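Asks: Have a look at this one.
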Amino acid sequence: MMSTMKMENKTVTTGFTLLGFSEYSHQQVLISTMVLLAFFISVLGNLGFLILMFFDHHLHKPMYFFLSNLSFLDICNTTVTLSTLLDNLFTGNTHISFSLCMTQLFLFMSFESAEFVLLTAMAYDRYVAICHPLRYAFMMDTKICSSLIVASWIAGALDALPIQVSISQFSFCSFHQINHFFCEPNVLIKLSCSDLHILEILIIIEGIVATVLPCTLTLVSYTCIIKSILKIRSTESRSKAFSTCSSHLIVVIIFYVTLTCMYMRPPSLYSPGLDKLFSLLYTVLIPMLNPIIYSLRNQEVKNAVRKVSFRKL
């Protein structure tokens with residue numbers, strides 16, 4: 001299985017075994033096909049969305065600048081989390097080194113936190129567009145948009161780093177089997193025999209900074225947006241105003257509901273099978289749905305797709 005080294009009365013593992021979906025060994029072909037198909041749809045869908053927004057000058061606007069970064073973030077997160085699962089399914093390799101596991105842990109948490117901040121920045125963009133339309137060009141210029149994007153990536157990395165460093169110092173003195181398809185933080189914590197007091201404090205701080213604060217700011221933005229829309233007398237104008245933010249609102253709801261199901265379920269509902277299911281929803285389904293939702297609900301994106309289609313014809 002796994003080799004370990006004794007150092008200063010601690011058991012330091014040189015790696016872990018990722019169990020993945022080994023409990024469904026009789027359905028490996030079906031699972032492998034579905035995961036690979038979902039992976040390609042997710043990556044190619046977001047990559048296509050990126051290319052579309054890059055080449056169509058009508059989409060060179062703040063909202064689509066944020067969307068392109070969301071697509072890139074989704075590609076990164078899907079690739080990082082599913083790479084070990086695909087390796088497991090198609091080569092049978094279940095081993096992951098300690099350093100690679102810690103790298104995967106950091107990247108997953110970093111991308112997750114960055115997405116919280118990015119979705120909040122997108123909510124602010126919609127707030128300015130609807131509540132302050134005459135000042136939109138000034139309040140959401142290239143410099144401000146770029147700063148918000150950079151801030152989301154930096155915030156994600158800074159949020160993930162303390163927890164990743166803390167977990168990397170753990171002693172894993174029992175089983176080195178991770179009952180998941182990637183190095184998920186909660187599963188790693190359960191494998192540790194170290195004192196978790198400092199980590200628990202870090203998790204509380206991380207939860208407030210990376211989850212509660214962005215969620216609150218997003219709620220405030222949409223509260224203001226809804227109030228402004230309700231003040232519009234024309235039904236057509238009200239419908240048009242709501243359509244500009246409905247796609248983002250749908251994505252935000254799916255994102256928060258999925259993460260709530262992952263990390264805030266009652267203890268009686270926790271099980272490895274459900275954990276892996278919700279992780280798949282977050283790492284595969286949401287990135288796969290995002291470009292579809294924004295394409296179906298956005299006339300400018302539809303027009304850009306038609307232009308590309310007609311060029312090919």
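Yeah, the Cβs are placed from backbone N, Cα and C, and that goes for glycine too.
TrEMBL annotations: computationally assigned, not manually curated.
Here the structure is a predicted model, which means the values were calculated and not measured.
Okay, so TrEMBL annotates it like this:
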{"type": "TRANSMEM", "residues": "35-55", "note": "transmembrane segment"}
{"type": "DOMAIN", "residues": "45-294", "note": "domain 'G-protein coupled receptors family 1 profile'"}
{"type": "TRANSMEM", "residues": "64-85", "note": "transmembrane segment"}
{"type": "TRANSMEM", "residues": "105-124", "note": "transmembrane segment"}
{"type": "TRANSMEM", "residues": "136-155", "note": "transmembrane segment"}
{"type": "TRANSMEM", "residues": "201-225", "note": "transmembrane segment"}
{"type": "TRANSMEM", "residues": "246-265", "note": "transmembrane segment"}
{"type": "TRANSMEM", "residues": "277-296", "note": "transmembrane segment"}
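Can you walk me through where each of these features ends up in the structure?
Replies: Sequence-distant neighbours of the transmembrane segment (35-55) (same chain, 6+ residues past either end, Cβ-Cβ under 8 Å): 64-65, 67-68, 71-72, 74-75, 78-79, 82, 85-86, 89-90, 280, 284-285, 287-288, 290-292, 294-295, 301, 304-305, 308.
In the predicted structure, the domain 'G-protein coupled receptors family 1 profile' (45-294) carries a mean pLDDT of 88.
Beyond the ends of the transmembrane segment (64-85), by six or more residues, the same chain brings 18, 20-21, 35, 39, 42-43, 46-47, 49-50, 53-54, 96, 104, 107-108, 111-112, 114-115, 118-119, 121-122, 125, 145, 148-149, 152, 181-183, 279, 283-284, 286-287, 290-291, 294, 300 to within a C-beta distance below 8 angstroms of the stretch.
With a threshold of 8 Å between CB atoms, the same-chain residues lying at least 6 positions outside the transmembrane segment (246-265) that come near it are 115, 119, 122-123, 126, 186, 211, 215, 218, 222, 274-275, 278-279, 281-282, 285-286, 289-290, 293-294, 297-298.
Same-chain residues lying 6 or more positions outside the transmembrane segment (277-296) and placing a CB less than 8 Å from one of its CB atoms are 35, 38-39, 41-42, 45-46, 48-49, 67, 70-71, 74-75, 77-78, 81-82, 180-182, 184, 247, 250-251, 254-255, 258-259, 261-262, 302, 305.
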